[in-house]
Each structure stands twice: as C-alpha cells, then as structure tokens.
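Trainee: I am attaching a structure below and will ask some questions about it afterwards.
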Amino acid sequence: MLDGDRLVWPRIKGRRAMLTNGPDADASARLSAQAQYAASALVLFLTLLGSHLATPLYPLWQVEFGLSTSAITLIFACYPLGVTAGLLFGGRLGDQLGRKPLILAGILVTALSSLTYLAATGMAYLVAARLLNGIAIGLMSGPAVAAIVELHPRGDRSEASRIGAIATLASPAVGLLVATLVVHFGSSHDTVVMLPFLLQLCGLAAALGLFLAYRETILPGSRRGFRQTSFAPQGLRVPAEIRSGFVFASVTGALSWANTGLWLALGPALVFDVLGATNKLLGGLTVVAFLTTAGVVQLFTKGMPYRRAIMIGMVLVPPSLLLIVATLMWKSAAGLIAGAVMAGAAQGLSWMGCSELVNRITPSEIRASVLSGLYISGYFGAAVPIVVTGVIADRLGLLPAIVILSIGFSVLAVYLAVRNRSFSRAEERAALAGSAAA
C-alpha cells in the first residue's frame, strides 16, 4: 500500500474496528467474520490445487519431448527450489506490505504457470512452469496462512492453524486426483495435457473473486509504503524467546515433509516397477491416498493438543517406513496401501502440530515471516529424499537406499518424540510470554 492510503483509515479504537474500515471495507463489509474466514481458507485451497497437477503428466511429456530420466528429475526439483525462493521474499513482504498483496501475487503467478504448461513445446517450458508454480506457492503460503489465523472470528489460533494445515495438504491431493483421472479417462493427448490446467485457471478465477471478499489483517500503521519496503531476501530472524520452539517445530516439520517427498517420488514407481502394475490410475491414486489421509486425519483430531499430535505423528514414522521396505522385499500391495495411509497420518498430525506450535508462540507482526521459515524447512525436507534416494539407488539399488533412509528417518523420529515430551511447559509459557510482550 502507498503511504497515502493511510489517510482513509479513521482513528477508531480497537484492532477489529480499525480493520473493518479502509481500502478493503467496501468488499468485506458485506460479509460476516465467519464468511471472510472461510473465503481466506478457500483462496489458499484453490491456489494450491496446482501444486502437483503436473505430476501424472510428466511421463506423457517425457515421451512427447524425448526427455531423459535425469531431465524429468531436474524438472521435479524446480518446484522446491521455486518454493524456497518465494518463501525468502513472501513472508517478509507479507509483514511489511500486508497479507493480501502477496496472496494476489501468488494467484497471478500460479495462473502464469498454468499458461506456461499449456504453451509447452519442450523441456524449457516445463522447467519454467514448475519454477513459477513453486515461486507462487512460496510467495503466498506464509501470508495466506497468517491471514487465516488472523481472520478467525473467535481468535482461535489452534483451529485456524488446523484449517491452514488441512488446506495445505488436502488441496494438492485433490489436484493430483483430478489430473490422474484426466490421464486415465482422457480421450486424446491434447485433452489430457490441457484440461487439468484449464480447470486450474477456472479455480484461480474463483479464488480471485473470493480474495476481494475479505479484509486485510495488518493494521494500516504497521504497513509500509512500497518506497519504504525492503525487497531484500528474508533473513531468518527468530526472537530468542521463541527460538527453542521454532527450531523444534522446524526439524519436526522437515521430517514430516521428508516422508512426503519420499512418497511423492516413489509412490508411482513402487506401483509400476515393484508391483508390476501398468494401470496409470493406480500409480497416481497411491500418492492421492497418502495426501488425502494427511488431510482427513486432521478433521478427526479437532481439539487434539499439538504435543499429542506431534507425538503420534513421530511414533507412526518408523512403522510406515518399515512397510515400504516390506513392500520392496515381498511385493505386497496391501503393505503399499497400509504404508501410504500410515505415512499420511504421520505427516498430517505432525505438520498440524508444528503449525499450531509456531502460530501459538509467534507475535502477529512477524508471524508471516516465521511461518515462511517453517515452510522453508518443510520444503527442504521434501526435496532432500528425492536427491539422496537417487544418488544411493544409482550406486546400491532401490532397496538399500530405502533401508538407509528408513533407518535415518526412524532414528530422528524417535529423538523428536523424546524431545517433544521434554519440551517443557515452562518453555512454552516463556515463549508465549515473550510473544505477548512483543
């Protein structure tokens, strides 16, 4: 916002009164607080639909454009790279300019990504589209989740954090399911590679309409004009009073998303190569089962304390990895499905707990920046297994690679479960007190 925009905000006492006036008031005044809260969550959901929309389409592009396996791996790797780049700018800018400018940027860049996919004639287009998709999600994730938390009608950070986490996990699952069904039932190549992105553009148009329906959540006096805004990459500055909780949440979040990266990379491969399946639908549905479980499990754990959610999530990590190893050794379809469901539950619970912890202890004026830092750790965790698994598998084979990763992840999960119990009430109270003082 420009400095001149501040002149239209009347001096009304109270945060809620101030936020219901000003530039966003005309659109948002017609909606109740509950409706604005729902609109903010739907905007995040609709924008994230495209996160994994292209995943089932890469084998088709590989044949059409004559791409090597290493080229496909490079294209996949562009997404977490783009997300990280977006997060380095999104959180800080969201705290300075407001939540809505960054959310709008995310919607528009996602649309540009979909248009690039539609125009693809070779690898360069796919690299650019995947990179743009990652940048868009990185720019808006922290500000969008922060807006959801701040728009909750009752100020319930726990419930709002859960809704944000569900949208983050369930939306990509829905998008992946849509693309998988299109690949399986599509009547022609052009239909298969174009329809998912045309549907995404329709969803983004709806998101843009909802975006106009809710208010900005940053006080006008806390927002900077463009000339006063720093556009330098975000340096991760976490206040000392919340640092212990943030580090714990970040490491736990990285492990939960490492589990996600493992399934996103190997889910279809396990079906195609290990189980000998040729049905394209089954490969995609395995990943959908993982992502869907991660989202649905949170709907049935409403009110669960974040400590318990993290504990259960970490306890589920070792057996879920053991089931992957068993699937590789005995080619068990039942083991594959059980592993996907168990790993999804572990991811959903642990990420929900991490998000709630960070939202509870972080002051509102730096929440988007700190949440962006949490997302950076998560996407870093999601990218590492793809690279590490490929390197080890090329040298030793797929089974030894999975065994090594399973041992490492299981040891870390046990450590985090123990650390979760020792994260004392005194530490939490100190963090909350520091947050309130800030």
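A Cβ is built for glycine as well, from the same backbone N, Cα and C atoms used for every other residue.
Any TrEMBL annotation is an automated prediction that lacks curation.
Remember, predicted model here, so these are calculated numbers, not experimental data.
Sequence annotations record features per position, and here TrEMBL assigns domain 'Major facilitator superfamily (MFS) profile' to 36-425. The annotation transmembrane segment is assigned in TrEMBL to 37-58, 70-90, 102-125, 131-151, 163-186, 192-214, 246-266, 281-300, 309-330, 336-358, 370-392, 398-418.
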Trainee: Under 8 Å between C-beta atoms and at least six residues away from its ends: which parts of the chain pack against the transmembrane segment (281-300)?
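Mentor: Long-range Cβ neighbours of the transmembrane segment (281-300): 52, 55-56, 162, 165-166, 169-170, 172-173, 176-177, 179-181, 183-184, 260, 263-264, 267-268, 270-272, 336-337, 340-341, 343-345, 347-349, 351-352.
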Trainee: For the transmembrane segment (37-58), I need the partner stretch with the highest count of C-beta pairs below 8 angstroms, choosing only from 131-151, 163-186, 192-214, 309-330, 336-358.
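Mentor: Comparing 131-151, 163-186, 192-214, 309-330, 336-358: 163-186 has the most Cβ pairs near the transmembrane segment (37-58).
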Trainee: May I ask for the residues of the chain that lie six or more residues beyond the transmembrane segment (370-392) and have a Cβ under 8 Å from a Cβ within it?
Mentor: 73, 76-77, 80-81, 83-84, 87-88, 90-92, 94, 138, 141-142, 145-146, 234, 236, 238, 242, 246, 249-251, 253-258, 260-262, 264-266, 351, 354-355, 358-359, 362, 398, 400-402, 404-405
